[in-house]
Amino acid sequence: MVKVKQSEINIGMVGHVDHGKTSLTRQLTGTWTDTHSEELKRGISIRLGYADCEIMKCPKCGAPEAYSVSKTCPVCGTKTKMSRKISFVDAPGHETLMATMLSGASLMNGAILVIAATEKCPQPQTKEHLMALDALGIENIIIVQNKIDLVDEERAKESYNEIKEFVKDTVAEKAPIIPISAHHGANIDILLNAIEDLMPTPEMDEGAPARLYVARSFDINKPGCEISKLKGGVIGGSIIQGTLNSGEKIEIKPGLKIVEGNKIRWESIITKITSLGVGGKTVKVAHPGGLVGIGTELDPALTKSDSLSGCVAGAPGTLPETLSEITVQTKLLDRIVGSDEELIISPLKSNEALMLNVGTATTVGIITSARGDMADMKLKLPICADKGDRIAMSRRIGSRWRLIGYGIIQ
């Protein structure tokens with residue numbers, strides 16, 4: 001079996017719709033990650049796009065020209081060496097897909113905020129995505145000023161000043177602003193250099209019991225497949241600690257919904273790992289970082305159409321409890337961003353329904369009691385989470401869910 005290098009860090013590609021996130025991901029990875037949106041019965045679910053990128057460095061040239069994604073140096077033609085392998089999570093920029101962006105953010109160790117120079121900054125989702133990074137505690141940020149090939153020098157400078165003004169007093173205040181053209185590949189070397197300098201590989205605890213956030217799940221069998229050739233269901237996600245080995249057993253929580261009369265309970269699923277896939281290659285052991293596909297012995301009917309996304313998987317008996325009620329310490333934003341008018345955020349009140357994102361899970365919490373900055377909530381769909389985990393909270397305003405702050409599970 002070939003030794004496959006796994007991605008060491010997950011970087012989110014965030015920003016307003018049509019500002020060039022997917023084009024930039026394609027320029028860096030060669031993969032068009034466009035995501036299919038489909039509204040599933042558990043609220044809105046649109047797939048995140050994922051792609052791996054190998055950052056290559058020329059041993060002869062100096063930085064930033066030394067960095068590229070090519071096997072030979074574009075400047076001098078020397079054979080390049082791999083500096084690091086990284087994974088991009090391409091989050092949707094459309095306002096209705098905020099829930100997906102938030103569930104993708106739990107997989108991100110850093111983010112590239114893409115802002116087009118062709119439009120006034122900030123656009124609604126540019127603001128909302130930056131607030132989300134802040135709420136979820138993502139501090140390693142690089143700002144990319146895209147589409148500089150479509151504006152003159154005067155507008156490029158004006159756009160730069162708008163961005164500077166916009167990020168003042170936010171988590172991205174000190175982030176570098178790199179002007180690029182994703183379409184023509186201009187300044188990609190400078191961006192890669194910045195990623196290497198400013199986004200260190202996070203320290204993951206490989207000795208801890210394995211834990212993985214499930215972001216996707218599917219049935220890989222084609223219709224009409226012979227029974228003897230059927231393959232078990234596949235789950236995909238990111239390992240946040242520990243390692244997974246082919247042949248091991250894993251537990252998936254909250255797992256299966258079981259209805260008995262008028263009672264509903266959730267039962268965790270235990271299955272065996274039949275295969276592990278990383279970057280399109282099969283491996284025996286999967287480590288934290290990047291995205292891992294896990295073949296299992298599960299009935300594919302249980303995994304089709306992302307039905308297990310939002311679950312947590314790991315070594316049996318080591319996962320947190322499945323919670324259907326939680327107490328959170330909340331921190332609300334000052335105002336709602338992402339829409340044309342910015343409304344002041346009123347305090348939480350009893351019986352209010354909030355959309356909650358924790359890990360890759362999305363659920364609705366009904367507030368049973370709100371006092372000061374503490375709130376008790378009953379969850380429509382249970383979650384598997386630990387004390388101290390961060391939850392992004394959104395409130396329904398008009399026909400949209402809008403981010404209003406975050407909470408820490410008590």
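Quick reminder: no glycine exception, Cβ is built from N, Cα and C everywhere.
Worth saying up front: this structure is predicted, and the values here are computed from it rather than measured.
Within the listed segments 30-33, 146-149, 230-233, Swiss-Prot records region 'G4' for the stretch 146-149. Looking at 90-93, 226-229, 278-281, the range tied to region 'G3' in Swiss-Prot is 90-93. Between the stretches 15-22, 119-126, Swiss-Prot puts its region 'G1' entry on 15-22.
Counting only residues at least six positions away in the same chain, the Cβ atoms of Cys73, Val75, Cys76, Thr78 sit under 8 Å from the Cβ of Cys61 (Zn(2+) binding site). Reported as a whole number, the C-alpha separation between Ile148 (GTP binding site) and Asp18 (Mg(2+) 2 binding site) equals 14 Å. Helix, strand and coil counts from DSSP across the region 'G4' (146-149) read 2 helix, 1 strand, 1 coil.
For the binding-site residues given as Cys58, Cys73, Cys76, Ile148, the lowest number of other CB atoms within 10 Å of the residue's CB is seen at Cys76.
The secondary structure of Ser181 (GTP binding site), as reduced to three states from DSSP, is extended strand. Within 10 Å of the C-beta atom of Thr22 (GTP binding site) sit 23 other C-beta atoms, taking all shown protein chains into account.
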